[in-house]
């Protein structure tokens, strides 16, 4: 009798995706982050659902409702901090996942890569509208500053900003619609994830060697399910250490002050995972130029399949491009740090240099490095 999981219409899909999936036998722990992102998404949806049961999206009561969740709801403090710090864990896994894709040349699976970029943008949008919901000082001013950027769009900018605000300033209508967006976007992300997996399983996973692994594959279960469970346990351990011992270490103290439109904070500081894009935005003195640079800082990831001119896939056997890659990663850390600093010298200058370097490495230096490596290969 044939096993039910191979015949049943629904179980067959699960079987082909998570059990009998042919997987390269040499993929390392860097490939764990896809499953960790799936767990992060589940944690965020479950904790978010419980928070939504007690949260009120009204400017008069939003801040109080978050305080009520932490004080009066059973384990409300745990759910709230798991959701807030879960977002940080989500982005840590996301950045590593993208970084691994760049290092090992996974961007050559272009459909999977492009859906991944759409996922990245949607996740950043979800995090932004979610950050506004507690209605603290940084929530309010962050919403005001970031939505105001749309006014840089010629002709329709001002109308577009007022349309998003639902009035002439960030107010009750803005908070209500941001709550609606924050509720629906994770389900759109889930749909994107399924498409991401669909495209990935069409081609099969990449592997660290960059070679075709069709001749040497093993079933996903039990080998990689066990490996993923270890990763998940480590992720949850780090998350719970953050939640139980350092719940506010990644947050902003200003967000414990209720939103006040008459009092501007010393400087607008986004969450750490948005600092990178925010630093690039701030480094351009022109408003429209800044917004364009902000959008391009994410969309430039789509250029990787186009500018790849190397005869080798991935950076394992490419020392010059490898050096460029690690300079690029160091530069990302600098940009993340700069995004949280005041707008004054020397931070503005460091931000400008780092922003130029960010785009130059991707568009120019990596391309030049791969051409040099190709010539070295030819000469041997």
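Backbone N, Cα and C define each Cβ position, glycine as well.
These figures come from a predicted structure and were not determined experimentally.
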* Listed range which Swiss-Prot flags as transmembrane segment, given the options 55-76, 77-98, 143-164 -> 77-98
* To do: Scan 178-198, 199-219 against Swiss-Prot and say which stretch is down as transmembrane segment.
  => 178-198
* Which stretch, out of 8-28, 113-133, is listed as transmembrane segment by Swiss-Prot? -> 113-133
* For the transmembrane segment (113-133), could you work out the same-chain residues 6 or more beyond its ends whose Cβ comes under 8 Å from its Cβ atoms? => 55, 57, 62, 66, 87, 90-91, 94, 98, 101, 106-107, 139-140, 142-143, 146, 174-175, 178-179, 181-182, 185-186, 188-189, 192-193, 195-196, 199, 270-271, 273-274, 277, 298-299, 301-302, 304-305
* Structure fact -> Per DSSP (three-state), residue 196 (heme b b566 binding site) is helix
* Asked: Whole-number Å distance between the CA of residue 201 (ubiquinone binding site) and the CA of residue 97 (heme b b566 binding site)?
  -> 17
* To do: Using a 10 Å cut-off, grab the number of neighbouring Cβ atoms around the Cβ of residue 201 (ubiquinone binding site), all chains included.
  => 14
